[in-house]
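Engineer: Here's a structure for you.
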Amino acid sequence: MNDVAIVKEGWLHKRGEYIKTWRPRYFLLKNDGTFIGYKERPQDLEQRESPLNNFSVAQCQLMKTERPRPNTFIIRCLQWTTVIERTFHVETPEEREEWTTAIQTVADGLKRQEEETMDFRSGSPGENSGAEEMEVSLAKPKHRVTMNDFEYLKLLGKGTFGKVILVKEKATGRYYAMKILKKEVIVAKDEVAHTLTENRVLQNSRHPFLTALKYSFQTHDRLCFVMEYANGGELFFHLSRERVFSEDRARFYGAEIVSALDYLHSEKEVVYRDLKLENLMLDKDGHIKITDFGLCKEGIKDGATMKTFCGTPEYLAPEVLEDNDYGRAVDWWGLGVVMYEMMCGRLPFYNQDHEKLFELILMEEIRFPRTLSPEAKSLLSGLLKKDPKQRLGGGSEDAKEIMQHRFFASIVWQDVYEKKLSPPFKPQVTSETDTRYFDEEFTAQMITITPPDQDDSMEGVDSERRPHFPQFSYSASATA
């Protein structure tokens with residue numbers, strides 16, 4: 001019954017996600033939903049264990065189209081925490097029909113199995129998934145937090161999905177950053193899973209260089225994260241002003257980032273995946289705070305890989321562009337890019353034309369300013385290796401390999417974690433409402449928030465059961 005059998009196999013043309021070329025891939029569809037692709041037809045078991053593409057057709061939607069090529073079909077499914085789309089084409093309508101029928105049959109079979117398992121498990125809470133266990137075990141806040149519990153002081157930032165506002169909690173007088181996301185935009189842009197991931201990761205993470213979550217709650221049309229407020233500003237803001245950081249300053253920030261990523265990888269089995277200067281903040285004392293967990297992957301162990309696309313183009317690792325499976329090493333590529341920016345004052349690869357940019361990331365050798373020390377060059381060369389298996393931190397030792405690099409020879413890692421190192425720059429903030437390190441384009445704006453509806457003042461059972469955002473509410477004090 002548990003034997004995994006191949007349902008269908010053969011050649012398909014697969015379209016790249018970023019570099020929109022069609023690549024021939026030999027795909028195997030298995031009855032457990034696995035849909036794996038290879039450059040060549042695998043001849044033995046060893047070759048089968050290293051696929052280039054690894055998808056699941058569970059809960060998928062299939063669409064047939066004649067664009068951009070005849071006999072195209074698109075698979076859309078939720079994978080890990082993100083909705084993904086993969087585009088394939090074959091030579092004839094008959095071939096397409098065979099593939100789509102086989103995929104739909106496997107997906108339907110898995111759905112039936114899941115429904116049977118759910119029936120069998122009802123009344124047995126110990127069998128639930130980790131995410132469900134976590135949500136059930138969260139203590140509910142005694143007082144339901146709502147938008148009326150805060151004063152709205154200044155706009156700190158604005159994006160596609162919503163805004164970030166400096167708020168003051170009326171009951172305690174404490175200051176927080178409130179991230180307010182519009183549900184309709186999140187749903188329209190397939191960001192539901194990313195957003196729920198951010199909520200889960202923030203709830204479960206306790207580390208000095210990760211932004212702490214105080215509360216999360218929802219209204220009928222918004223999701224709200226009330227987070228620790230780091231008013232030292234974005235690292236991007238400071239680097240833009242100073243153009244380049246000294247190696248000592250870059251080493252300090254780099255060490256704190258490595259400490260946080262090590263915690264996420266080893267303690268939480270999470271890959272951050274979106275490391276960039278804009279997601280690195282400074283607190284009032286000048287220590288790093290990593291923000292914005294919307295692109296995190298959950299459940300990544302050593303050797304585990306993932307298949308979804310997101311991230312800023314300039315920071316994308318080669319294995320992501322190549323449309324290959326990727327794992328924790330993407331974070332070390334991201335670290336390489338941000339540390340290169342800090343020490344060299346520019347991105348390692350840049351072109352306004354995305355196709356040319358991707359070509360540079362995949363093919364171009366890294367270049368360094370003459371002023372860079374041999375240790376810094378060695379570190380950056382290791383972190384920016386194109387092959388993730390050869391990359392510094394790409395092996396089973398993960399962060400430990402980077403910690404042992406000679407660039408960090410002077411660093412005592414326990415002292416980093418305990419914040420015993422003096423920050424090389426202390427933000428000159430005079431109060432908690434001082435926003436001098438935030439862009440005036442935002443802070444000078446009037447805050448406009450549509451008043452919550454009457455029924456939003458109490459987040460009732462119905463809102464908690466909404467299909468897109470179940471069990472969203474959280475209070476750190478209730479779980480402390």
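Using N, Cα and C of the backbone, Cβ positions are placed for all residues, glycine too.
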Engineer: Which of R76, R86, R96, R112 does Swiss-Prot put in the same 1D-myo-inositol 1,3,4,5-tetrakisphosphate site as K14, R15, G16, E17, Y18, I19, R23, P24, R25, N53?
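Structural biologist: Matched candidate out of R76, R86, R96, R112, per Swiss-Prot for 1D-myo-inositol 1,3,4,5-tetrakisphosphate with K14, R15, G16, E17, Y18, I19, R23, P24, R25, N53: R86.
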Engineer: C60 pairs with which of C77, C224 in a disulfide, per Swiss-Prot?
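Structural biologist: Disulfide partner per Swiss-Prot record: C77.
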Engineer: What are the non-local neighbours of K284 (ubiquitin cross-link), defined as same-chain residues 6+ apart in sequence with CB under 8 A from its CB?
Structural biologist: A230, N231, G232, P427, V429, E432
Engineer: Taking the domain 'AGC-kinase C-terminal' (409-480) alone, what is its mean pLDDT?
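Structural biologist: Taking every residue of the domain 'AGC-kinase C-terminal' (409-480) together, the mean pLDDT is 69.
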Engineer: For K14 (N6-acetyllysine) and G162 (ATP binding site), what Cα-Cα distance in Å is obtained after rounding to a whole number?
Structural biologist: 34
Engineer: Would you count the other C-beta atoms found within 10 angstroms of the C-beta of G162 (ATP binding site) for me?
Structural biologist: 20
